[in-house]
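Per TrEMBL, the feature ATP binding site maps to Gly30, Pro31, Asn32, Gly33, Ser34, Gly35, Lys36, Thr37. The feature domain 'RecF/RecN/SMC N-terminal' is assigned by TrEMBL to 3-351.
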Amino acid sequence: MRLQEIKLVNFRKHSDLTFVPSDGINVLYGPNGSGKTNILEAVHYCALAKGFNKSLDRECLRFTADYFLLQSRFADERDIEITVKVSYAKTSDKKIFINSEELKKYSGLIGRIPCITFSPMELTVINGSPQERRRFIDNALSQTDKRYLDDLLQYRRVLQQRNTLLSAMDGRCGNGANLEAWTEKLSFLAGSIVSARLNFMDRLLACCSPVYEQLGLGEVPGIGYRSSVSRQVVGMKEKEIAETMMHRFREVASQELHRKLTLLGPHRDDIVFRLDGVEVKKYASQGQLRTFLIAIKLALQRLIREVTGESPLFLLDDLFSELDRNRVEKVLLLLEGSGQSIITATDKPEFDGIHCISIRKIAGAIQGEDP
């Protein structure tokens, strides 16, 4: 997948800007605060229907503006053009159009424009809360597996209904038939979600190991799954996971009634990243965390290409900081020939084979420079 052009109107720092990247590796450089990351975020909006770091739509409005507009053109591996328009106004909801047709649901965009991001802010995927790691795997899987996305959205709706019912029961056992019905639905969906996550993690690890070798790293990466339902969930079939979950719900029934909350399920699970068998977040330095995250994202790029046949667009914010030249060269070598990537940097980098683009604006466009 390639971005051919994107136009930003009243988005973050930019009143009217057009960005036209080249194929291959692009480096967008300029001083801090000049709006480089805003351009990546705009592309992210057009690919995944949302901004970075859980930003609210209204937070992306340019100061004093009442609306923003993003217009983009992409081309897939067969050179078929896809246009995406995202508009938002203070007085109306966000609207998304693909090839001039308005989407009824934002989720209809997911998977149409495969896209991966890397940002120093994402280190929380490794050393943050379990919610950050669940969000990582959910976002990745949703781009490659339509059933997973549908099941995940339905699971969230059923979970909300079940929690509402638990709260309404107020610690009493009445309404047990309704609770059992929601529990059965939740368990069925959980079996599908957890099974898909386990399979995805196995494939991601298979892609990550060679990436670690190519980056010249001596450690052996590992990815594990920490289930809230059972320690033996790895290796279980989808139906077994659902049945085990039903059994565990009966065991914690009194606790759930007391706490008025669903205590088990994929919404409470965790993903464990390891190096040489040791959990990364427990001992890794900042540099090791950053390198591990880059390796995971490069592995994800390979996996998405393997599953979909499309090389995902890769957005990398501030890639070069805290990495030595040798490591950066190896990352660029892995990016070379792997589709289009857009990297932000403070200074113009001195590497061969990349397209450098200055953030200096001329008549609303970005000034491009050849390698």
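Glycine residues also receive a Cβ, built from the backbone N, Cα and C atoms like all the rest.
In TrEMBL, annotation is done automatically, which means it is predicted and not curated.
Apart from the site residues Gly30, Pro31, Asn32, Gly33, Ser34, Gly35, Lys36, Thr37, the chain places the Cβ of Thr344, Thr346, Ile359 no farther than 8 Å from the centroid of the site's Cβ atoms, the recorded ATP location. In this structure, Asn32 is the one among the binding-site residues Asn32, Ser34, Thr37 with the smallest number of other Cβ atoms inside 10 Å of its Cβ.
Local packing around the Cβ, expressed as the count of other Cβ atoms within 10 angstroms, is greatest for Gly35 among the binding-site residues Pro31, Gly33, Gly35. Most Cβ neighbours within 10 Å, among the binding-site residues Gly30, Lys36: Lys36 holds that distinction in the structure as shown. Following the DSSP three-state reduction, the secondary structure of Lys36 (ATP binding site) is helix. Regional average pLDDT for the domain 'RecF/RecN/SMC N-terminal' (3-351) in the model is 92.
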